2 protein chains.
Amino acid sequence: MAVDHAAAEVDHLAAERAAARFDVEAMKIAWAGSRHAVDVADRMARLVASDPVFRKDNRTMLSRKDLFKDTLRKAAHAWKRIVELRLTEEEASLLRQYVDQPGYVDLHWGMFVPAIKGQGTEEQQKKWLPLAYKFQIIGCYAQTELGHGSNVQGLETTATFDPMTDEFVIHSPTLTSSKWWPGGLGKASTHAVVYARLITEGKDYGIHGFIVQLRSLEDHSPLPGVTLGDIGGKFGSGAYNSMDNGVLRFDHVRIPRDQMLMRLSQVTREGKYVQSDVPKQLLYGTMVYVRQSIVADASKALSRAVCIAVRYSAIRKQFGSQDGGPETQVLNYRTQQSRLFPLLASAYAFRFVGDWLNWLYTDVTQKLEVKDYSTLQEAHACTAGLKAVTTSATADAIEECRKLCGGHGYLNSSGLPELFAVYVPACTYEGDNVVLLLQVARILMKTVSQLTSGKQPVGTMAYMGKVQHLMQSKCAVKTAEDWLNPAFIQEAFEARALRMAVNCAQNIGQASNQEEGFYERSPDLLEAAVAHIQLIIVTKFIEKVHQDIPGHGVKEQLQNLCNVYALYTLHKHLGDFLATGSLTPKQGALANEQLGKLYAQVRPNAVALVDAFNYTDHYLGSVLGRYDGNVYPALYEEAWKDPLNETVVPEGYHEYLRPLLKQQLKLSRL
Amino acid sequence: MAVDHAAAEVDHLAAERAAARFDVEAMKIAWAGSRHAVDVADRMARLVASDPVFRKDNRTMLSRKDLFKDTLRKAAHAWKRIVELRLTEEEASLLRQYVDQPGYVDLHWGMFVPAIKGQGTEEQQKKWLPLAYKFQIIGCYAQTELGHGSNVQGLETTATFDPMTDEFVIHSPTLTSSKWWPGGLGKASTHAVVYARLITEGKDYGIHGFIVQLRSLEDHSPLPGVTLGDIGGKFGSGAYNSMDNGVLRFDHVRIPRDQMLMRLSQVTREGKYVQSDVPKQLLYGTMVYVRQSIVADASKALSRAVCIAVRYSAIRKQFGSQDGGPETQVLNYRTQQSRLFPLLASAYAFRFVGDWLNWLYTDVTQKLEVKDYSTLQEAHACTAGLKAVTTSATADAIEECRKLCGGHGYLNSSGLPELFAVYVPACTYEGDNVVLLLQVARILMKTVSQLTSGKQPVGTMAYMGKVQHLMQSKCAVKTAEDWLNPAFIQEAFEARALRMAVNCAQNIGQASNQEEGFYERSPDLLEAAVAHIQLIIVTKFIEKVHQDIPGHGVKEQLQNLCNVYALYTLHKHLGDFLATGSLTPKQGALANEQLGKLYAQVRPNAVALVDAFNYTDHYLGSVLGRYDGNVYPALYEEAWKDPLNETVVPEGYHEYLRPLLKQQLKLSRL
């Protein structure tokens, strides 16, 4: 087992593990994707867990400065290990994941390098990428501004071409044009890809990217005209405070013309703006890539929270003792199961839809290479929507897992507060979830409007081609067990999604102005977009469990979880299904009944199902989620490490408590 | 206006304020309850805001030790001011509210003193209360243990009577019996009311309260046999980390017999256990009191979050500019309105149901005094349920408000991260919300079972007496405007709640064992309980707007908000209404349509509606929620205060960044 607790003497969860009705090792492979994936993750996880530099159990107690320094130290040490051990790209990326501390490195590899790859000419790539690959420069991605986030076209920073010197002048004309939020910008980066309005020959050509050096490579001081700083503390202790999200202002900073990223458009020596013949659609490929990785991260964050909550729910006992005997494990309560098992199922659902999105990215990339743009819009909609739905659900789920751990989930030592605080920005970055869902809705409306013209929708929208059937189909479920039939589930979700979309389209159609109609109906459109995306998640889970999945009982467990995810989602959004006539109230009640039976089947397998995530205690970072379940002594021990316990009588006693107790303050009339 | 920004030069929200169609000053009175309440709150808020000791804008940057010391300082200073200014109890309590920092004082006044008042004999009260009132002792409430929270009967700490010495021996027999969580216990308290199993003459009489001295009044060191400490860091920075939630172990600590709280039962000199004739029901009165104050706190926390999000949404602009002109205020977007205005309406709804609960407490108390227990069970159910529903909704709403502020809501300077972190424990303490809702459900089931026997339900359950009508009534709504009729809303909510309860009762009735049936159906029972409680909130809001409410336009605004709350709740839980046949899908769609129209009416009044909460900038503690709306310069200024910005080149550069950039690490094969 990939766990750093071989020395544990007693496994308090042994009975739970023995009760599992499937092969956990085989489930690890199903979760990770392959034997190889399990092995390499295992190796990297152990490497990190066994290295004292990567210790993180004291992280929430560090001051901002110490935390940032700790991040610099970990990043340097990780790089040293990557070099020494000659790790592959896959291994290095996993190592960074298990180090589990946001830092400049994430932006350097995740945004700066891809931006140059995607938007730089071959020449530019040849110049800049080797510097970045060897860390001779550290880069970040400076797009958002103090006054401008989602609306990239509203950015105010200017890059004005000066033909006299063959340079661009980068400038922040207003306070709100200050670059604001970019990770790694505040303290670590030497360079940035800066997005600014390109102005040449007196004309504003809109937003373009420029490579700008920010700090001296000799002493790290900001270059003339560059103001740099950190934007201040963020949600939680530990969490994202390890990152130097930054503020940046330019006072007429000059850069050579060839530092404009020129793959898609160029400015000539004379200052002429020229579009290249590289299709703009190529940029979508990068977006699909970034967002599919966010979906993959969602399943990681969610599975960590679920792992903690499931294990602790098997340890924690409350009530149920009539005669002073042992109390009941809280995992046995139906209320606990009905809140927790859908989240366990969601972790698996998001994992598999993430795998599929990864495939989709490859597929889109291959098609782009042969200039086939036919699936691009649909792929864009489905990645945007999946990013929105999985991150929102994950953020809520982490907090729900925290609540499911009762009072102790509120302690930093549970790991859950930090997991929540570090995760929630995923709902906002790389496209605010509401903005993204409206993009999905826009494409849904377009697809609906084209249905009558006979244009066949593709990919995840193909079901909309069955409009005539789905608008009038009746769900045939008659018994609770009928809900175990994936065809019934699939059709119910298809009917709900399509009818909601058509309904929106009809309402918009009645407006005198289509754009105004879209605006007026946007809350409904959000709901229709969510319905469409949930259908995709359900569909991909169903497809997954139709595959051959080796290992005793593994497929059966995944089938259960698939049904839990689908029927839970159905129950939670019952209003949609009933309002669209996709189900009758009776059928909704049968789904709920079946859901209860499914929970009973998940129960004995729950601990083994989270063991299959194969997380080390180091990575989980939770006293409540310990593999061995030895929670209470660990909680007790952890408490004494708080700085407040350095003295029994607290600092401040003599100034602020003793005078009170000793009546050295006048009595009030209270 | 009660704002600490008289010096502000420009009001960036002036246009918003001018657009309001009602008298804000009159709304302040409606919100606060009376002219007097506005005035006294105003005075106390200014007093706190103008005193540098009560500064809290740097709180999230303090180390745990400094934060705790700051709390001791503020508590001592607050007490000094209370004494010097001879404040009334009402004023003192408001002053503590505006200091807005959890600390031992909360438990001293909120739990220790009431426990002695409620459970101590007259003699005990005479001895201990004056000491507490003058702060000659500091007390807390030590109930929960490391292994035991919700289930008080499972506590393990023992209090064994020793007739030889006329003492109780207080002991922690196991690790899990360690007292764990009590606020004020870790560092500040000198005394505690400790709950322990009373054992006398070899028999265990269950849980009783004992006054136990923990620390020396001379030097604050723990007494012999007492182990004391803080349980460690909690969610967020700042937030609840100002509180010394504590751990406490007893090693055979002896206390005089007369320190058992003996109002309800006594142990005689000989060790006989005697029940007094004081009815146990009196204890419910205290529970109703504590929970009604939690409901009042919910509306405070929620209204603060909403105030920040509404003001900032009126300042923040995104998209909507076609020609480089100004962008659209995000408050104008339907999606923003549909997420934010229901929370604004909820703040008002919770405020008014809280006022009503306060009345209920008085009513119950008066009835108890004349031994009338007829409404006690119903009052208990409705306070428990309202505590659960309002705290869960508020916790979710604060986080939603944070998301509605986009990226900047993630900054500590927005105030929202700390507001969330400090609020969420309300979902767990004083009764975990799920446990409380199951208690409500149990009383609902009991009430349903008695309907046939002709027993008339009382108070908030009286509607269940109309079972014959409500089980078969049909909603008469035909147009969207019909939903403005409170009678239609009321009946729809009554039908939904009653039918869900009856449905549960029928399903439980089919089980061979009623207790098992209750357990199996507990997820459904939670939903039925929520439906019942939401009906109460809607009903009390409707009753409120039926009263005379002075001030131009005030009543109209509250009517709007009442309708928003009701129709939003209806839309969110549409599945319940449709599944129970309380509405048709068409009627559900009409409700949603009307909701959109209501949002348009709220829009011009939104800023004024949050101004009516009358919060100072100090109390709000949010750069985004500033009264004058001058957000961006303030955000920019705030950033530079972060300790990380003390140097431009970060600590750690020479150790961890320079060697990397200078290629003093071997190159990898990446």
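Every residue gets a Cβ built from N, Cα and C, even glycine.
TrEMBL entries are annotated by machine, without manual review.
What you are looking at is a predicted structure, and each value in this text was computed from that prediction instead of being measured.
Quick look at what TrEMBL lists:
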type     : residues           : note
ACT_SITE : B:GLU430           : active site, proton acceptor
BINDING  : B:THR144, B:GLY183 : FAD binding site
DOMAIN   : B:23-138           : domain 'Acyl-coenzyme A oxidase N-terminal'
DOMAIN   : B:284-445          : domain 'Acyl-CoA oxidase C-alpha1'
DOMAIN   : B:486-662          : domain 'Acyl-CoA oxidase C-terminal'
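Distance noted between the C-alpha atoms of B:THR144 (FAD binding site) and the residue listed as 'active site, proton acceptor' is 11 Å.
Counting residues per DSSP class in helix, strand and coil order gives 90 helix, 0 strand, 26 coil for the domain 'Acyl-coenzyme A oxidase N-terminal' (B:23-138). In this structure the alpha carbons, written CA, of the residue listed as 'active site, proton acceptor' and B:GLY183 (FAD binding site) are 13 Å apart. Annotation for B:GLY183 (FAD binding site): same-chain Cβ neighbours under 8 Å, separated by at least 6 residues, are B:PRO102, B:TYR104, B:ASP106, B:LEU107, B:CYS140, B:TYR141, B:MET243, B:ASP244, B:ASN245, B:GLY246. Cβ neighbour count within 10 Å across all protein chains ranks B:THR144 highest among the recorded positions B:THR144, B:GLU430.
Within the model, the domain 'Acyl-CoA oxidase C-alpha1' (B:284-445) carries an average pLDDT of 94.
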